[in-house]
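What follows is one structure encoded as structure tokens, with my remarks underneath.
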Amino acid sequence: MDEILARAGIFQGVEPSAIAALTKQLQPVDFPRGHTVFAEGEPGDRLYIIISGKVKIGRRAPDGRENLLTIMGPSDMFGELSIFDPGPRTSSATTITEVRAVSMDRDALRSWIADRPEISEQLLRVLARRLRRTNNNLADLIFTDVPGRVAKQLLQLAQRFGTQEGGALRVTHDLTQEEIAQLVGASRETVNKALADFAHRGWIRLEGKSVLISDSERLARRAR
């Protein structure tokens, strides 16, 4: 667990001895699959770091449709905005698989920052990366067609969750077809058509809730 926590954005650049001392103050928590960790609009004063499993972060549109912002896995942190902004949660966090995590509340984090000012710098870097990713996603929605967005999401999931399998890359995403569509920002039918086309070209192979990427180079060219 310590190795996973050391990779979390909040701890990067912090001395290992300090990390070991700080992590002892974290509260472990386990969630079943399909559990809502927190919902959009709820008050919040706690952040979470994933030890194992996957969590989807999403928002609900005025017409009731859900849009997924990102998929998070081991060493990823979520819910940190509520630590600095006392307003309601801006998104919902729901487990895709069984999840083991650790959490801390606002008072604990402020105490950490007072003792270790470098933690605040790491948090700013995490938030800056999130903002950059959001800007990139908005640009993709405007300038990139659906197949291009599907290709890009597959590569991003591969970078985060992929494992080598022979000469291919297996991506166990644990998502339904509808969730993949929500992540891409398109209809399920359009996303399925793009996936079927990629499979027909021999770039990928679809296997339940995983994808075997056999030609990442062509997929990357399609994502541009």
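Using N, Cα and C of the backbone, Cβ positions are placed for all residues, glycine too.
Swiss-Prot annotations:
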| type | residues | note |
| --- | --- | --- |
| DNA_BIND | 177-196 | DNA-binding region |
| BINDING | 64-70, 79-82, 89-90, 134-135 | 3',5'-cyclic AMP 1 binding site |
| BINDING | Ile142, Phe143, Glu178, Glu179, Ile180, Ala181, Gln182, Leu183, Val184, Gly185, Ala186, Ser187, Arg188 | 3',5'-cyclic AMP 2 binding site |
| DOMAIN | 144-217 | domain 'HTH crp-type' |
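For Leu68 (3',5'-cyclic AMP 1 binding site), the binding-site residues whose C-alpha atoms fall inside a 10 Å radius of its own C-alpha are Ile180, Val184, out of Ile180, Val184, Arg188. Thr90 (3',5'-cyclic AMP 1 binding site) and Ala186 (3',5'-cyclic AMP 2 binding site) have their C-alpha atoms 21 Å apart, to the nearest angstrom.
For Glu66 (3',5'-cyclic AMP 1 binding site), the count of additional Cβ atoms within 10 Å of its Cβ stands at 15 [all protein chains shown]. Remark: Glu178 (3',5'-cyclic AMP 2 binding site) has Arg188 as non-local neighbours, by Cβ distance under 8 Å and separation of at least 6 in sequence. Listed in sequence order, the residues of the same chain lying 6 or more apart from Ala186 (3',5'-cyclic AMP 2 binding site) and placing their CB within less than 8 Å of its CB are Val146, Arg149, Val150.
Annotation: Glu66 are the binding-site residues among Gly64, Glu66, Glu80, Ser82, Asn135 whose CA atoms are within 10 angstroms of the CA of Gln182 (3',5'-cyclic AMP 2 binding site). Secondary structure at Leu68 (3',5'-cyclic AMP 1 binding site), taken from DSSP and collapsed to helix, strand or coil, is strand.
Between the CA atoms of Gly64 (3',5'-cyclic AMP 1 binding site) and Val184 (3',5'-cyclic AMP 2 binding site) there is a gap of 17 Å. Per Cα geometry, Asn135 is the residue among the binding-site residues Glu66, Thr70, Ser82, Asn135 nearest to Ile142 (3',5'-cyclic AMP 2 binding site). The Cβ of Asn135 (3',5'-cyclic AMP 1 binding site) has 10 neighbouring Cβ atoms from other residues within 10 Å, across all protein chains displayed. In this structure, Thr90 is the one among the binding-site residues Thr70, Thr90, Gln182 with the smallest number of other Cβ atoms inside 10 Å of its Cβ.
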